[in-house]
Amino acid sequence: AVYVNGKFCKDPRKVSPNDFFYTGLNVPRRTSNRLGVNVTLLTADSIPGLNTMGLSLGRVDLAANGGLNPPHHHPRASEIFYLIKGTLYVGFITANPTHRLFAKILTAGDVFVFPLGLIHFQWNIGSRQAVGFAILNSQNPGVVTTANTLFGAVPAVLSDVLAKAFQLDVATVEYLQQLPWQNP
């Protein structure tokens, strides 16, 4: 057996068209969670033929009136986001020392690029469900959801650390740490 990028490579004589195929990405996903978002990510785990291709794809469904794909980053990928339905406010923030926000309002047919490793988000500001596709230049882009990582860590980050970092009181941090942090 040969492993490439941590994935088992199939014997080329046993590869079939199904190793390069996925169906159902056209089906709307439920967005009835606290954030109003559902991300369906297709990587080499779901399409084995993506192994070594440096590509993955995500369908992002956002509930009407405030569905949010919260601030997050991909440690191993840049992303191009294509909106097919709805109206979104999207953006990314540059790294130290400037922390500059680059943001736009997207409507159906618009595209926005999120550079490698930078925190970014998509927020539905429209009155109907929004759907977009994220194309990432990694077969395993990873995702680090900022709030979940900091306030939902197990074991918890010391509340004094987060209070000082976010300039909050300890009680607020402890409240945030008790919330049920979910991944989109």
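Cβ atoms are placed via backbone N, Cα and C, with glycine included.
Curation plays no part in TrEMBL annotations; they are all automatic predictions.
Per TrEMBL, the features are as follows:
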type	residues	note
DOMAIN	23-174	domain 'Cupin type-1'
BINDING	N69, H74, E79	oxalate binding site
BINDING	H72, H74, E79, H120	Mn(2+) binding site
Proximal but sequence-remote residues of the same chain as N69 (oxalate binding site) (Cβ under 8 Å, at least 6 apart): L35, V37, V39, V60, L62, F121, Q122, W123, P184
Rounded to the nearest Å - Cα separation of E79 (oxalate binding site) and H120 (Mn(2+) binding site): 10
Shell of the oxalate site beyond N69, H74, E79, same chain only (C-beta within 8 angstroms of their C-beta centre): G58, H72, H73, A77, F81, F114, H120, A134, L136, P141, V143
Extra residues within 8 Å (Cβ to Cβ centroid of H72, H74, E79, H120), Mn(2+): H73, A77, F92, F114, L118, I119, A134, P141, V143
Between H74 (oxalate binding site) and H120 (Mn(2+) binding site): CA-CA distance (Å): 9
Same chain, 6+ residues apart, C-beta under 8 Å of the C-beta of H72 (Mn(2+) binding site), given in sequence order: I119, H120, F121, V143, V144, T145, T146, P184
Model confidence over the domain 'Cupin type-1' (23-174), averaged pLDDT: 96
List of residues, in chain order, with Cβ under 8 A from that of H74 (oxalate binding site) and at least 6 apart: F114, L116, G117, L136, S138, P141, G142, V143, V144
